[in-house]
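Below is one structure, written out as structure tokens; the observations come after it.
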Amino acid sequence: MLMTRPNLKGRSFLAEKDFTPEELLYFLDLAAELKEKKKNGIPHHYLEGKNVALLFEKTSTRTRCAFTVACTDLGANPEYLGKGDIQLGKKESVEDTAKVLGRMFDGIEFRGFNHETVESLAQNSGVPVWNGLTDMWHPTQTLADLLTIREHVGKLKNVKLVYVGDGRNNVANSLLVGGAIVGMDVRICTPESLWPAQEVIDLAKKYNEQVMITSNVEEAVASADVIYTDVWVSMGEEEKFAERVELLKPYQVNMKMIKETGNKNVIFLHCLPAFHDVETMYGEEVYEKYGLKEMEVTDEVFRSKHSKVFDQAENRMHTIKAVMAATLGNME
């Protein structure tokens with residue numbers, strides 16, 4: 001644990017940029033502590049008697065499971081509200097919905113499209129709001145990524161993290177800014193047409209001038225400690241599939257790329273789901289249409305000793321638990 005525990009009670013968790021390096025590192029320390037307590041069967045009911053609304057405008061496996069189990073472990077009561085249960089901006093404004101939910105719940109998670117929606121929930125509900133994913137940021141994922149990197153690399157400061165693929169999506173944005181805040185050497189490797197927005201690059205450079213944005217794979221992956229990728233087409237962008245496949249094929253994470261790092265201990269991360277084989281209906285469909293058995297990562301890399309993707313998935317739960325405990329729980 002950090003020597004000084006920051007007071008985060010009542011804060012919302014919307015994006016990494018809202019927190020200091022010390023606060024982000026505190027979340028990681030607390031997550032590691034709670035992970036150890038769960039492993040050893042030590043109760044940690046910091047949210048005893050609290051009620052938490054889980055709003056899912058976008059479907060999810062890991063985020064929903066992580067928040068649900070985290071709530072239960074912390075002693076809270078989770079209530080799932082899917083897109084058919086909520087009327088955000090349709091029959092009821094986000095502001096009005098926020099005010100109603102804030103009267104009934106002690107905390108609110110939101111996973112959806114517009115970042116403005118989660119900001120409005122935070123502004124109007126009067127309770128902590130946690131961003132489970134928006135089109136702009138994915139901060140709970142980044143906390144899990146940072147915890148996984150610290151567990152396997154041993155530190156975060158000056159660690160070389162290379163994100164390869166669609167450089168404009170929420171995962172890339174959060175890794176770029178979140179990684180820079182904690183002192184990592186973050187590199188985004190993607191075709192120029194998919195480079196992050198300049199405002200995101202500028203924000204990251206405020207924390208770390210070492211930020212690299214490049215289309216050159218060899219330059220990016222040299223001496224990397226971490227290679228990270230994500231799906232080539234995000235939810236809601238399916239019409240861009242053929243174009244993305246052609247654009248990103250040279251950026252597939254394969255064993256050649258792993259070897260080009262020159263680091264035998266390099267780790268591979270992916271926020272999942274990953275399209276590394278044809279064992280899904282989606283994978284079969286892609287194979288029939290495009291002749292691809294693997295997309296953003298090869299099956300060889302995904303199943304190799306370098307891959308830490310399931311540790312990473314588990315860490316979603318521990319880091320989400322830390323965020324909820326720190327912002328809503330009684331930590332005294």
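Backbone N, Cα and C define each Cβ position, glycine as well.
Among Arg103, Arg111, Arg168, Arg303, only Arg111 appears in Swiss-Prot as part of the carbamoyl phosphate site alongside Ser60, Thr61, Arg62, Thr63, Gln87, His138, Pro139, Thr140, Gln141, Cys271, Leu272, Arg316.
The two recorded residues, Asn170 (L-ornithine binding site) and Arg316 (carbamoyl phosphate binding site), have Cα atoms 16 Å apart. The two recorded residues, Thr140 (carbamoyl phosphate binding site) and Asp230 (L-ornithine binding site), show a Cα separation of 15 Å. In this structure, the C-alpha atom of Ser60 (carbamoyl phosphate binding site) lies 13 angstrom from that of Ser234 (L-ornithine binding site).
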